[in-house]
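The feature transmembrane segment is assigned by Swiss-Prot to 33-53, 77-98, 113-133, 178-198, 226-246, 288-308, 320-340, 347-367. For HIS83, HIS182, the entry in Swiss-Prot reads heme b b562 binding site, with the evidence type similarity to another entry. Swiss-Prot lists HIS97, HIS196 with the feature heme b b566 binding site. The ubiquinone binding site feature in Swiss-Prot is assigned to HIS201; the stated evidence is similarity to another entry.
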Amino acid sequence: MTNMRKTHPLFKIINHSFIDLPVPSNISSWWNFGSLLGVCLMVQIITGLFLAMHYTSDTMTAFSSVTHICRDVNYGWLIRYMHANGASMFFICLFLHVGRGLYYGSYTFMETWNIGVLLLFAVMATAFMGYVLPWGQMSFWGATVITNLLSAIPYIGTTLVEWIWGGFSVDKATLTRFFAFHFILPFIIAALAIVHLLFLHETGSNNPTGLNSDADKIPFHPYYTIKDILGILIMFLILMTLVLFFPDMLGDPDNYMPANPLNTPPHIKPEWYFLFAYAILRSIPNKLGGVLALILSILILALMPFLHTSKQRSLMFRPITQILYWILVANLLILTWIGGQPVEHPFIIIGQLASISYFSIILILMPISGIIEDKMLKLYP
């Protein structure tokens, strides 16, 4: 009798995706982050659902409702901090997942990559709106500053901002709609993630060498199921260490003060995972220019397939581009640091130099190094 998992319409889909899926035998731990992101998303949806049961999206009661969750709800503090720090884990996995894709040339799977870029934008939008919900000082002023950037759009800017606000400032209407969008977006992200997987399974996984691995495939289960479970356990260990011992380490103390439109915090800054983009935004003195640079800093990922000049896919055998890649990583860390610093003398110029080098490495130096490496390998006649 044929196995039910191979014949049943529903089980068949699961079987072809997670059990009998042929996978390259040499993929490293850098390929674990896809499954970790799936787990992160599930944790965020579940904890978020329980938080939504007790949260009220009204300017008068939002801050109090979050306090109520932490003090009065059974394990409310645990749910709240798992959700807040879960977002940080989500972004750590996301950045490592994208970094892996850049290093090993996974962006040559165009459809998968573009859905991935779309997912990145969706997750960033969700995280931004989620940060506004506790209605602390940094929530309010972060929302004000970031939404205000849209006013830089010529002609329709001001009208657009007032339309998003639902009034003439960030107020009750803004908070309510942000809660609505923050609730619905994770489900859209889940749907996009399924499409992401669908496109990936059309081509099969890439591998560290960047070479065709059709001759050497192994089944996903048990080899990669057990490997993924190990990754998940390690991630939960890190997450729960954060949640139980350092729950506020990645947060901002200003957000423990209720939102006050009459009092601006000394340094308005977003959560740590947006600091690199915030630094790029601030490094350009012109408002519209800054907004364009901010969007381009993420959208540049969509250009990666067109900037690939080498005849080799992966950076595994490309030492010059490898050096540039790690300089880019260091550069992003510098941008993250600068984003959290005040707008003062040494930081302004460091931020501007880091922003210039960020775009230069991706748009100019990496494509050139690809051509040079091909010449060195005499791949061109």
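Along the chain as shown, residues are numbered 1 onward.
Here the Cβ of each residue, glycine as well, is placed from N, Cα and C on the backbone.
For HIS97 (heme b b566 binding site), the count of additional Cβ atoms within 10 Å of its Cβ stands at 20 [all protein chains shown].
Candidate binding-site residues: HIS196, HIS201. Fewest other C-beta atoms within 10 angstroms, HIS201. Note on the transmembrane segment (77-98): residues 30, 33-34, 36-37, 40-41, 43-44, 47-48, 50-51, 66, 69-71, 116, 120, 123, 127, 130, 235, 238-239, 242-243, 247, 250-251, 271-273, 301 of its chain, located 6 or more positions outside it, place their CB under 8 angstroms from a CB of the stretch. Of HIS97, HIS196, HIS201, all annotated as binding-site residues, the residue with the shortest Cα distance to HIS182 (heme b b562 binding site) is HIS196. Between the transmembrane segment (178-198) and the listed ranges 33-53, 113-133, 288-308, 347-367, the one holding the most Cβ pairs under 8 Å is 113-133. Recorded residues the residue listed as 'ubiquinone binding site' and HIS83 (heme b b562 binding site) have their alpha carbons 30 Å apart, per Cα-Cα distance. Outside the transmembrane segment (347-367), and at least 6 residues removed from its termini, the chain residues within Cβ reach (under 8 Å) are 279-280, 282-284, 293, 296-297, 300, 303-304, 307-309, 321, 324-325, 327-328, 331-332, 334-335, 338-339, 341. Residue density at HIS83 (heme b b562 binding site): 21 other Cβ atoms are found within 10 A of its Cβ, drawing on all protein chains shown.
Within the chain, the transmembrane segment (113-133) has long-range Cβ neighbours (under 8 A, six or more residues past its boundaries) at 55, 57, 62, 66, 87, 90-91, 94, 98, 101, 106-107, 139-140, 142-143, 146, 174-175, 178-179, 181-182, 185-186, 188-189, 192-193, 195-196, 199, 270-271, 273-274, 298-299, 301-302, 304-305. Here the transmembrane segment (226-246) has long-range neighbours at 29, 32-33, 35-36, 39-40, 78, 81-82, 85-86, 88-89, 93, meaning same-chain residues at least 6 beyond its ends whose C-beta is under 8 angstroms from one of its own.
Straight-line distance linking the Cα atoms of HIS97 (heme b b566 binding site) and HIS83 (heme b b562 binding site), rounded to a whole number, equals 20 Å. Counting every protein chain shown, the Cβ of HIS182 (heme b b562 binding site) has 21 other Cβ atoms within 10 Å. Here the C-alpha separation of HIS83 (heme b b562 binding site) and HIS196 (heme b b566 binding site) works out to 24 Å.
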